[in-house]
Amino acid sequence: MLLKTLSEAFGPTGFEDEVRNVIRGELEGRVDEMKTDVLGNLIAVKGAAKPGPKVMLDAHMDEVGLMVVQICDGGADAGLLKFRSLGGIDPRVLVSKPVFIGPDRIPGVIGAKPVHLQAPEERQKPIPMEKLYIDIGAKDAADAKSVVKPGDAAVFATRYAEFGERAAKGKSFDDRVGCALLVEAMRHEVPYPLYGAFTVQEEIGLRGARAAAYQIQPDIAIALEGTVCFDVVGAPSHGQSTVLGKGPALTVQDAQTIADRRFAEFMWETAQRHGIPVQWRRVKGGSNDFGAIHRIGKGVVGGSISVPVRYIHAPTQVVSLDDVENAQRLLQAVLKEIAEGSFTL
Amino acid sequence: MKEWIVRLAGEIAPSGSEGRIASVLLDAVQDLADETHMDALGNAIATKHGDGPHVMIAAHMDEPGVMVIDIDDNGYLRVIPTGGLTASETAFRQVTFTNGTIGLVCLEDGEKRPEQFDQLYIDIGAKHRQEAESRAFIGLSGVIGGSVTEVGNGRLLGRALDNRVGCAIALQAFRDLAQRGLHVSVVFTAQNAPGARAAQAAAFALEPDLAIVVDATPASDVPGGKRTALQLGAGPAFKVMDAGTVAPLAVKQLVEDTAHALGITLQYEVWPSGRSDTGAIQLTRAGILAAGISYPVHTAGAAEAMVDLADVEATLRLLVASVQAYRK
Amino acid sequence: MENHQRLLEQLMTTHGGPGFEGAVRDVVVPQLHTYAHKVEVDVMGNVVACIEGRGEGRRPRVLLAAHMDEIALVVARIEEGGFLRVAQTGGFDPRTLVGQEVVVHTCGGDLLAVVGSKPPHLTAPEERGKAAPLSDLYLDLAMQESAVRERVRIGDRVTLSREVYLLRNRRLAGKSLDNRASLAILLETLHRLGQFVHQADVYAVATVQEEVGLRGAQTVGFAVQPDVAIAIDVTFGAFPGQAADESFALDAGPAISFGPNLHRKVFQRLVDVAERHRIPYQIELSQTPVGADANAFQVAGPGLAAALVGIPIRYMHTSVETGSYSDIEQCARLLAHYIAELDMEQVEDLSCY
């Protein structure tokens with residue numbers, strides 16, 4: 001299953017190779033052209049010479065991860081690895097998690113001083129990242145250095161699985177769920193030029209998308225994202241952002257974008273016409289690649305379609321498979337309606 | 001001038017909802033412009049082809065506001081800010097939405113001080129969700145503050161004077177320069193309040209030889225005033241520096257010489273935390289010669305401001321003469 | 001020419017903050033003219049010198065950039081008594097400014113000033129335990145208020161006043177070694193490059209306004225759109241109390257940066273070149289976009305292959321920044337060899353993932 005493969009693929013920000021290769025394999029022979037740019041964005045093209053608006057779909061390949069920065073060779077820390085985060089990770093989610101280092105997936109664990117040995121006041125405070133280590137089982141620094149070097153990246157060692165009612169858990173649904181949607185969309189035919197940009201470095205500032213959009217100079221762009229969902233116990237309606245299972249979410253405003261209202265309404269009405277559940281994303285925080293794309297060149301019309309993801313940026317994230325399916329339906333409906341001229345530039 | 005300022009300040013245009021004021025502004029230059037259009041980000045752009053270098057005059061037309069993000073079962077609304085409004089300046093005030101709906105911004109029961117928008121809700125008098133949904137929707141934007149009043153001494157007070165005053169100046173400057181046959185564009189920019197998001201797209205499209213941005217800047221002749229060294233009523237300010245730009249020395253010289261020739265006292269703006277469209281325009285493409293001429297106000301970047309019409313008039317004269325004096 | 005050390009000393013005592021790099025530019029431009037036929041200054045004030053490579057057809061295009069500006073202050077208010085309040089243009093630690101001699105650049109010429117401090121005799125013990133914020137500091141021109149108001153205008157720029165001190169082991173100390181050291185590297189690189197036949201067209205660039213947000217790099221990156229854009233900028237010299245991955249030894253060669261926003265093949269090639277030519281080097285890791293011009297280069301226009309190299313200096317953003325001229329020479333060797341070996345095959349490979 002593509003979502004499982006993508007979710008489990010290794011691709012922290014700046015190290016997206018494995019994800020890119022999975023996608024390239026999926027689209028081989030299904031699009032007119034695939035190219036990588038100097039940043040590592042993968043851009044798939046269909047019908048470049050066709051008339052009509054140039055449409056860019058975007059999903060980022062990278063995920064939040066860790067980078068090994070030092071192999072300790074002191075006393076008690078000999079062979080342990082110091083690390084820093086690649087992208088925004090709350091240090092509170094790190095303790096007692098397994099990780100894989102590098103595409104060879106050297107396993108390691110992030111532990112902590114036993115609770116028994118911690119002073120009462122210590123237990124009240126989150127453990128800062130500087131005090132955490134990855135333990136790969138190395139006997140000493142030399143042993144560790146034989147398999148790991150500073151600069152190597154790591155990801156959470158989370159397996160994909162379906163559980164509950166039509167739900168799945170795994171790592172990095174932000175934004176492998178977008179990658180899966182985009183792969184599927186690129187397999188369909190549309191009567192206008194379609195560009196699928198699988199971008200790098202979203203998690204450190206929407207960087208890949210900015211370059212990709214400049215190259216494509218689209219008329220319309222849609223970012224496909226996994227987005228914040230906190231419809232859990234104790235969260236009031238206005239603190240949820242999105243609700244799991246209520247369909248894909250559309251943005252009115254986030255940290256980087258005030259939505260193009262006309263396009264947002266076009267997508268909303270398209271969902272209504274096609275009987276697809278849809279919801280508004282109800283939080284200002286967070287952003288997606290469209291935040292960078294819409295400001296390129298002379299400005300770009302468009303928006304984003306997001307799949308609600310519980311525990312985004314944490315080791316285990318949760319999505320509704322119905323939401324994923326409905327996001328796909330909505331995307332196809334929107335692309336179809338663009339073809340039918342329902343949205344005029 | 002005053003009539004235009006009052007008329008423009010009467011429009012409700014929170015960032016991202018500038019469509020209506022954009023039409024008003026473009027209608028006002030239509031007779032003189034060779035081309036007018038609104039771009040993908042909501043900028044309103046007019047160009048008059050003519051002699052000499054191409055000069056772009058820019059003024060943002062948006063104002064800070066709030067946007068509905070949630071409607072609850074009892075018909076109350078929740079909002080997020082668009083632009084720089086804080087929860088404390090928004091609380092306990094009337095909000096007017098772009099569709100005419102009016103409400104009161106309230107603080108959650110028991111909360112002592114409005115610190116976050118999470119603590120605020122808006123009461124539009126609806127009895128339940130259904131009624132609220134007939135008058136408001138998620139994504140609907142609104143503004144706070146009262147309409148413009150003349151308070152004496154040639155000073156105006158009211159909502160959105162920052163930067164409808166700039167729009168009025170840019171509008172008049174464009175008309176004046178176009179009638180003189182110069183090659184000039186005016187851009188009424190969108191989405192300045194959330195961080196100068198749209199100005200660059202206009203500059204990218206126009207590629208002017210020089211861009212001058214008209215915007216408000218805080219005067220510090222007020223109790224505890226420390227933000228700048230500016231005074232209200234003491235004349236236009238040349239923007240030496242803000243958080244997004246350092247003025248090119250050549251343009252500084254041009255404006256200084258022009259002010260001197262006109263006998264206008266020039267103030268100097270150093271506003272370390274300030275943001276305007278100037279920086280975004282300056283860094284477009286391979287770099288664009290760009291600078292800001294500001295008019296002082298009391299409380300810049302907030303819902304309401306006070307301006308001095310003498311400053312406004314001098315700013316317009318300085319702007320027009322500086323553009324005329326510019327040679328590539 | 002032996003080397004550019006004297007020139008570096010001259011550059012370090014030249015004043016030029018963000019947006020008023022003119023004096024530095026006036027020193028740099030004639031130097032670039034000795035290596036390049038064409039030297040241009042763009043709208044922002046960036047200096048761009050092009051040294052053409054050899055060979056027919058499409059040649060690799062490499063941009064080598066060092067920023068000219070230094071951190072500076074700007075006059076924000078003139079207070080009663082003629083004392084000046086200042087704001088930042090660049091990141092000073094206000095604690096390092098107390099008692100500092102500075103130069104106020106007015107339209108009528110430079111004025112010396114002293115950043116005032118309260119004598120210990122008048123300072124209560126609890127006051128000594130606190131650091132004064134910039135807003136509490138003032139510049140003393142030792143002039144009547146009326147004279148100050150006549151000469152100084154709001155917006156006039158202020159820079160540090162500091163001679164260069166030559167320490168042991170070819171180490172230099174002074175103001176604005178960040179980033180004049182890299183201008184020296186740029187010139188040393190061009191000097192060495194003269195001894196090679198190189199295919200690449202080299203764009204030697206001195207950028208402006210790096211200290212206020214990599215601004216010159218954004219526009220020059222867009223204008224030139226090279227195949228490879230290398231920023232040269234200083235990094236943190238080893239000093240007690242700093243994290244190991246943020247500390248680089250002096251005299252141990254340039255630091256070559258690695259991280260998500262830098263092109264890994266350019267990085268790898270720089271490392272290979274260093275290894276093959278026995279040039280000492282260190283590796284600096286970054287997890288976020290780097291705080292140097294390379295950050296802006298990567299996302300300029302269609303996106304560029306960006307790299308970052310530089311020498312470690314101690315006491316960054318003080319008036320006694322300290323670095324080693326040997327590191328400057330090693331960094332120049334590295335860059336000259338890298339450029340000399342750059343060919344179209346490598347360029348084409350940069351987009352292969």
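Note: Cβ is positioned from N, Cα and C throughout, glycine not excepted.
From a predicted model like this one, the values you see are computed outputs, not experimental measurements.
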Response to the item:
Listed alongside C:D178, C:D233 for Zn(2+) 1 in TrEMBL, from C:H33, C:H37, C:H67, is C:H67
Discussion item. For the Zn(2+) 2 site that TrEMBL describes with C:D178, C:E211, which of these is also annotated: C:H105, C:H277, C:H317?
Written reply: C:H317
Worksheet entry | Local backbone state of C:D178 (Zn(2+) 1 binding site), from DSSP in three classes | helix
Practice prompt. Find the one among the recorded positions C:E210, C:E211, C:H317 whose C-alpha lies closest to that of C:D178 (Zn(2+) 1 binding site).
Written response: C:H317
Discussion item. Which secondary structure state does DSSP assign to C:D233 (Zn(2+) 1 binding site), in the simple three-class scheme?
Written reply: coil
Response to the item:
As a whole number of Å, the Cα atom of C:E211 (Zn(2+) 2 binding site) is distant from the Cα atom of C:D233 (Zn(2+) 1 binding site) by 11
Discussion item. For a quick check of understanding: among the recorded positions C:D178, C:E210, C:E211, C:D233, which residue's Cβ has the most other Cβ atoms within 10 Å?
Written reply: C:E210
Worksheet item: What does DSSP say about C:H67 (Zn(2+) 1 binding site): helix, strand or coil?
Response: strand
Discussion item. I need the CA-to-CA distance for C:D233 (Zn(2+) 1 binding site) versus C:E210 (active site, proton acceptor), whole Å please.
Written reply: 10
Worksheet, complete the sentence: Counting other C-beta atoms within 10 angstroms, the emptiest spot among the binding-site residues C:H67, C:H317 is C:H317
Discussion item. If I take the alpha carbons of C:H67 (Zn(2+) 1 binding site) and C:E210 (active site, proton acceptor), what is the distance between them in whole Å?
Written reply: 6
